[in-house]
Amino acid sequence: MQFLKQTSLSVRFLVASKVSGTGIVPLQSRRLLGAPAEVVVGPLLQSGDRPMSTGTWLEGTRPYVPRRSLMYVPGHDMKKLRKIPVLGVDCAVLECEDGVALNKKAEARENIRVALDELGEVEGVDLAVRVNSVSSGLLEEDLRVVMAAKRKPATILLPKTNTVDDIILVGVRIHRSLKAALGSRAMGYCPHLITYVESAEGLMNMKDVLRRAETFSREGVYHLDGVVFGSDDFCADIGAVRTGDAVELTYARQKIVMVAKAYRIQAIDMVYTDYKDLDGLKWQSEQGARKGYTGKQVIHPNQVAPVNTAFTPSPELVERATELTAAFEQHQAGGHGAFTFRGQMVDMPLLLQAKNVLQTMQNIRKPR
């Protein structure tokens, strides 16, 4: 792939000279080929189009993968990895990063490789791997071992994505690891990529990072699909003190949603660290859903059900959306524009909100 050859040269120049990576990767889009029969790709969930709230989803692109709940499972604990099918979580993240001690990293990588093959395709679950950051010096080995699995992860999560340079380097390293594992068959596998905002620098550079990630996404290196807010690292970076209502994170949370939706990708909200406080979890989850987040990180099995519920439209909301949509169509057929529904004036923005609700339910309910 010519663009990767050019990118590789640019990365070597980038590392040597410390210059910005902006403008390095040429736009030479190609159609993503289907995986050859001998390559077993991780489950790409067949769940319909993106909800309208994340933007228009063009015909011919990949299906939307619900991630209402995103749970970290430490890679060094094989017992926990084998429990993934019974967790009820939308996205199970096989963890190489913060949840694994430095002296357990090698064990975690190997366990994850084995677990991916053992688990196979888990119905309704996005099997993902969180690798170590570009700056850690561990990323290349993570990718080398994990990509040696016969069944590749459906999604790769890249923590501490602070700069455009980070996204360029990870794109090249993903390609290298796939080429080493699959050779010429590497074109048949294209994982989802989810980035993280965990610092002031990462928040400031988020727009540029996602813009560059879209270039690799168009070229089929990966499919940019979401961004996660790493709130604890973010607070440590800016010197903020965490509070119960998270008011100190209001600006960061809303900016992440805004930029993510501008790029038509998912926004995954912060962890609620007190896993015994289910009332507080419910409140914060519902608040995140109202802000526009599509899901939330969880750290304990008891958090999964409340989070899934918070990011699923209620029966009452679905009923209202269904009736409003039907009423709108009737009024349109009669040549009317705005109309009154349940005492409220309805026009196009309210119709789109109703369709968001119905599309979200369709994505969640479809077989995956």
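Even glycines carry a Cβ here, placed using N, Cα and C.
Copied from TrEMBL, the annotated features are:
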{"type": "DOMAIN", "residues": "68-301", "note": "domain 'HpcH/HpaI aldolase/citrate lyase'"}
{"type": "BINDING", "residues": "Arg130, Glu198", "note": "substrate binding site"}
{"type": "BINDING", "residues": "Glu198, Asp233", "note": "Mg(2+) binding site"}
Proximal but sequence-remote residues of the same chain as Glu198 (substrate binding site) (Cβ under 8 Å, at least 6 apart): Pro159, Lys160, Asn162, Gly230, Asp233, Phe234, Asp237
Using a 10 Å cut-off, grab the number of neighbouring Cβ atoms around the Cβ of Asp233 (Mg(2+) binding site), all chains included. 17
Let's check the environment of Arg130 (substrate binding site): how many other CB atoms sit within 10 Å of its CB? 28
